[in-house]
Amino acid sequence: MSAMIEKVLIANRGEIALRILRACRELGIKTVAVHSEADRDLKHVLLADESVCIGPAPAMQSYLNVPAIISAAEVTDTVAIHPGYGFLSENADFAERVEKSGFIFIGPRPETIRLMGDKVSAIAAMKAAGVPCVPGSDGPIDDNKKRTLELAREIGYPIMIKSSGGGGGRGMRVVHSEATLLNAIALTRAEAAAAFNNDMVYMEKYLENPRHIEFQVLADQMGNAIHLGERDCSMQRRHQKVVEEAPAPGITEEQRREIGERCAAACRSIGYRGAGTFEFLYENGQFYFIEMNTRVQVEHPVTEMVTGVDIVKEQILIAAGEPLRYRQSDIQMRGHAIECRINAEHPETFMPSPGKITDFHAPGGPGVRIETHIYSGYTVPCHYDSMIGKLITHGEDRESAVARMCNALRETVIEGIHSNIKLQRSIMRDGAFLAGGANIHYLEKMLGL
């Protein structure tokens, strides 16, 4: 299959590291697991062909420690490095170091990561490629106050001030009237300079009640690009996704084709390679591009379930220089899939709940998939993200996917630590969720936050 990649180093941990290991195994590729001192007992570390400890528990000293990861790749004769999601996956400097050190980076080119990582240049690139964007300042705001106020009137209030280097809900501020605009810009600038070392800010229309809908794309190194349809990730708490599904309720075949084609065309125009996701806000029938994730996403399984495409395997094959194995006409959405993220956290306070899992039982049955690295006796460390797994169900339609999810959540047993399974069960029974098409603020309202 991929003649040139004999060995992959997995620069990540937890469920995604295990997911990557399984894809490598299927392709007959040897694996190297790098891990922190706290992660010696991770499932993929125990399963990998080789493992290398790269540092102490804190991520800064291990999973974000570039020299340690590169030297682990060197001592194991690794051919390619898969960054997973989070950690170094969208770090252009890391991708560059990987390639300069003679390894294949399983992801886009460093310059593409850089282009899409800067919100201002990303939006400019997407506009040029014909992807619909949120009306805004078309670049950073300058010091001309009169022009800034005029522009804000044109866009229309409410307006969001965003810092160019921010993300994940940080470095942004909503302004409802002209009176507070200039002050808000100054505050956001100061915060951005302190947090991201970059005081560039821009403004865009603030959509009051949008849904979060994203499109999955795949592009090879020969300039071919396709989209795999959309996912709805509107069930969020504090900008963190909780439930994701594919396809998005109420999106028409025309909309899917139009926006999906534009995303694929944008990939071709920026020379994208690998798997990627275009995130949109969707309100009143309109899509507005917000950002592109240049990596595999947590919620990729829902797209895999409805399209039958193994996204992680495709990432590896693309990195090996293989052409895409699918044409756009091969991609059909079949049925409906839902994913619930399972977190080790207190159901009421949402505080992380690390500790030893004394008992774990995974659900089963038709159309049920679980992606998790936990097992009975495994200790969830306190140093990393609280997500310990993902439960995915697939059914012939949304109703049957939900019914299967309800069963799967009921069957899942995780003892010894707290989890958000109770929350997920209540979402699956919630009227607005069952109706489909809830907006991104709905879950916080439902929880009374």
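Cβ coordinates come from backbone N, Cα and C, glycine included.
According to Swiss-Prot, ARG295, VAL298, ARG341 bind hydrogencarbonate; the candidate from LYS205, LYS241, LYS422 that the record adds to this site is LYS241. Cβ neighbours of LYS241 (hydrogencarbonate binding site) (same chain, under 8 Å, six or more residues apart in sequence): HIS212, CYS233, MET235, VAL298, GLU299, ARG341. A Cα-Cα distance of 5 Å separates GLU279 (ATP binding site) from GLU291 (Mg(2+) 1 binding site).
Rounded to the nearest whole angstrom, the C-alpha distance between TYR206 (ATP binding site) and ARG295 (hydrogencarbonate binding site) is 26. Around ASN293 (Mn(2+) 2 binding site), taking its Cβ as the centre, 19 other Cβ atoms fall within 10 Å, counting all chains.
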